[in-house]
């Protein structure tokens with residue numbers, strides 16, 4: 001059976017169930033596992049010997065929290081990570097995650113466009129954790145300036161769950177989203193990425209078998225102790 005692609009409504013329903021009394025996960029746990037999967041994806045595709053400087057671009061929502069966790073893990077993996085987070089999340093969890101990054105000497109850029117432009121010129125790869133599956137356009141400041149700069153850099157991009165600027169169901173029909181080389185779908189791929197043709201991984205090794213069966217996700221087996229599984233070939237057949 002083929003892997004199921006999720007609508008925005010179904011993706012939110014699964015998230016809610018994971019964090020319900022029945023699923024018993026906290027937001028902290030899910031962010032930690034998702035962020036670890038993001039870091040593993042970067043490390044799998046972009047070896048630290050050649051692509052050592054990673055610019056982690058974070059938005060103000062849960063996606064940004066995943067990015068902060070990933071930045072910390074990448075630093076532990078030996079990458080030189082820098083955070084671009086011009087509009088930090090206001091929840092207490094984001095402040096704690098950001099403090100954890102500061103504790104391992106990860107720098108955060110000033111919020112202005114010139115600082116982002118300079119950082120892009122001295123980076124090897126970008127982790128895009130700006131917008132998640134709840135994004136609805138249009139793209140507003142400060143990201144309306146940031147996304148074009150990121151695209152114009154021509155650096156390889158790894159996007160988390162859905163490329164920033166894409167609609168979760170309609171994809172990049174507005175033509176303003178990033179065009180990543182690598183995509184890490186979390187839990188299950190979203191409807192809007194059916195047209196994606198780059199390297200595609202699945203992460204979020206936290207969905208219990210009962211939930212997989214309930215929502216008919218048809219998740220593939222994760223190899224060994226890996227937090228990600230390559231679904232490039234399977235996804236491009238759908």
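Keep in mind that glycine also has a Cβ here, set from the backbone N, Cα and C atoms.
Just so you know, TrEMBL annotations are computer predictions that nobody has curated.
Annotated (6S)-NADPHX binding site per TrEMBL: 62, 63, 64, 65, 66, 132, 133, 134, 135, 136, 137, 138, 161, in sequence order. In this view, residue 63 (K(+) binding site) is surrounded by 28 other Cβ atoms within 10 Å of its Cβ, with every protein chain counted.
Among the features that TrEMBL reports, K(+) binding site is placed at 63, 128, 164. Over all protein chains present, the Cβ of residue 128 (K(+) binding site) has 30 other Cβ atoms lying within 10 Å.
As a whole-number mean, the pLDDT of the domain 'YjeF N-terminal' (11-219) in this prediction is 95. Positions annotated as domain 'YjeF N-terminal' by TrEMBL: 11-219.
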> Counting all other Cβ atoms within 10 Å across every protein chain shown, which of the binding-site residues 62, 164 scores highest?
Replying inline: 164
> Hey, which of the binding-site residues 66, 161 is the loneliest by Cβ count within 10 Å?
Replying inline: 161
> What binding-site residues among 133, 137, 161 are found with a C-alpha within 10 angstroms of that of residue 63 (K(+) binding site)?
Replying inline: 133, 161
>> Counting across all protein chains present, how many other Cβ atoms fall within 10 Å of the Cβ of residue 133 ((6S)-NADPHX binding site)?
In response: 26
>> So if I measure Cβ to Cβ from residue 135 ((6S)-NADPHX binding site) and keep only same-chain residues at least 6 apart in sequence, which ones fall under 8 Å?
In response: 162, 164, 165, 166, 167, 168
